[in-house]
Amino acid sequence: MTTTLQQRSRASVWDRFCEWITSTENRIYIGWFGVLMIPTLLAATACFVIAFIAAPPVDIDGIREPVAGSLIYGNNIISGAVVPSSNAIGLHFYPIWEAASLDEWLYNGGPYQLVIFHFLLGCACYLGRQWELSYRLGMRPWICVAYSAPLASATAVFLIYPIGQGSFSDGMPLGISGTFNFMIVFQAEHNILLHPFHMLGVAGVFGGSLFSAMHGSLVTSSLVRETTETESQNYGYKFGQEEETYNIVAAHGYFGRLIFQYASFNNSRSLHFFLAAWPVVGIWFTALGVSTMAFNLNGFNFNQSVIDSQGRVIATWADVINRANLGMEVMHERNAHNFPLDLAAGEVAPVALTAPAING
């Protein structure tokens with residue numbers, strides 16, 4: 001009797017690595033996009049934390065007046081930020097090896113570029129990873145489409161806007177008060193509140209919040225009773241159950257009578273598509289608006305648009321907003337220019353809309 005032993009061919013290390021990377025059985029899916037996403041997001045996070053805590057002041061305006069943003073230099077969680085790279089650097093790519101020393105790199109705000117480039121690349125890979133996992137599970141690709149809205153917004157404020165303005169010093173600072181400063185200056189220079197695409201974004205965000213609250217409250221109010229009065233309603237649902245957990249007919253009837261019939265969805269699929277599409281489209285438009293304002297295609301200008309029969313200006317709310325814009329423009333970067341161009345180029349503007357009567 002003879003026995004034949006057949007040696008099993010072993011898969012190569014690369015084949016086993018590929019199988020592990022693309023396996024949907026892992027607790028957390030990695031995927032090929034994840035191979036790039038993980039190191040880039042780790043690098044961005046590590047640099048952000050270190051810079052937020054200990055980075056030295058940055059010469060953001062390029063006029064040798066450094067601005068401190070880290071905790072060690074006296075800031076707190078609210079006032080602290082990773083300060084954008086210097087206006088002296090402009091749009092130049094500024095990695096560590098381009099600086100003469102590490103001190104120079106820190107002084108010119110090099111950490112800001114390191115963080116935003118790795119962050120944007122990592123977020124883009126996260127979007128690709130969403131698509132990749134959906135593809136491998138046989139799902140439709142709309143999750144990554146929805147995620148493209150916040151990714152477009154981040155790309156607009158961190159990359160497109162600095163490119164349009166000619167310097168990464170105009171990018172959004174990485175901090176709470178820095179974000180507010182960016183918003184105020186953006187309004188002063190571009191009148192974003194009167195830009196139609198920003199208005200669509202406001203409708204998308206606030207409308208999405210409203211619709212989410214309406215949907216959640218309607219579903220919670222029309223749950224199918226599966227528990228007693230002494231048990232939590234949440235015990236009435238078992239993960240993976242085939243039965244509906246709420247009565248969509250009851251919810252449809254309630255909302256249809258509360259407003260009118262056709263204001264209520266009678267199709268669960270179209271309802272949830274609407275809940276996803278409304279805020280996503282709104283945020284898309286805002287990102288597009290910021291990207292156009294980056295190249296100074298600004299919001300509407302209704303300044304001094306109402307005049308009387310003798311040609312005198314009748315002040316409107318648009319003129320009040322314009323005064324606020326001018327004030328904000330004067331206050332920011334106050335040492336970087338001799339006189340704000342918006343004020344120097346226009347006619348003399350009185351401080352008050354009407355001169356007060358002084359009885360002395």
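Each Cβ is built from the backbone N, Cα and C atoms, and glycine gets one as well.
Copied over from Swiss-Prot, here are the features:
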type     : residues               : note
BINDING  : TYR126                 : pheophytin a binding site
BINDING  : HIS215, HIS272         : Fe cation binding site
BINDING  : HIS215, SER264, PHE265 : quinone binding site
SITE     : HIS190                 : site 'Stabilizes free radical intermediate'
TRANSMEM : 29-46                  : transmembrane segment
TRANSMEM : 118-133                : transmembrane segment
TRANSMEM : 142-156                : transmembrane segment
TRANSMEM : 197-218                : transmembrane segment
TRANSMEM : 274-288                : transmembrane segment
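Remark: the transmembrane segment (142-156) contacts the transmembrane segment (118-133), by the rule of 3 or more CB pairs under 8 A. In space, HIS272 is the closest of the recorded positions HIS190, SER264, PHE265, HIS272 to the residue listed as 'pheophytin a binding site', judged by Cα positions. Within 10 Å of the C-beta of HIS190 (site 'Stabilizes free radical intermediate') there are 22 other C-beta atoms, taking all protein chains into account.
Shown in sequence order, HIS252, LEU271, PHE274 are the residues of the chain, 6+ apart in sequence, with a C-beta less than 8 angstroms from the C-beta of PHE265 (quinone binding site). Apart from HIS215, SER264, PHE265, the quinone site neighbourhood in this chain, defined by C-beta within 8 angstroms of the site C-beta centre, holds MET214, LEU218, ALA251, HIS252, PHE255, LEU271. Cα of HIS215 (Fe cation binding site) to Cα of HIS190 (site 'Stabilizes free radical intermediate'): a span of 36 Å. Cβ neighbour count for HIS272 (Fe cation binding site): 12 (other Cβ atoms within 10 Å of its Cβ, all protein chains included).
In the three-state DSSP scheme, HIS215 (Fe cation binding site) falls into the helix class. Site extent for quinone: the farthest pair of Cα atoms among HIS215, SER264, PHE265 sits 11 Å apart. Across the fold, the C-alpha of SER264 (quinone binding site) and the C-alpha of HIS190 (site 'Stabilizes free radical intermediate') stand 39 Å from each other. On the backbone, the CA of HIS272 (Fe cation binding site) and the CA of HIS190 (site 'Stabilizes free radical intermediate') stand 35 Å apart. In the three-state DSSP scheme, HIS190 (site 'Stabilizes free radical intermediate') is classed as helix.
In this structure, TYR126 (pheophytin a binding site) is part of a helix by DSSP.
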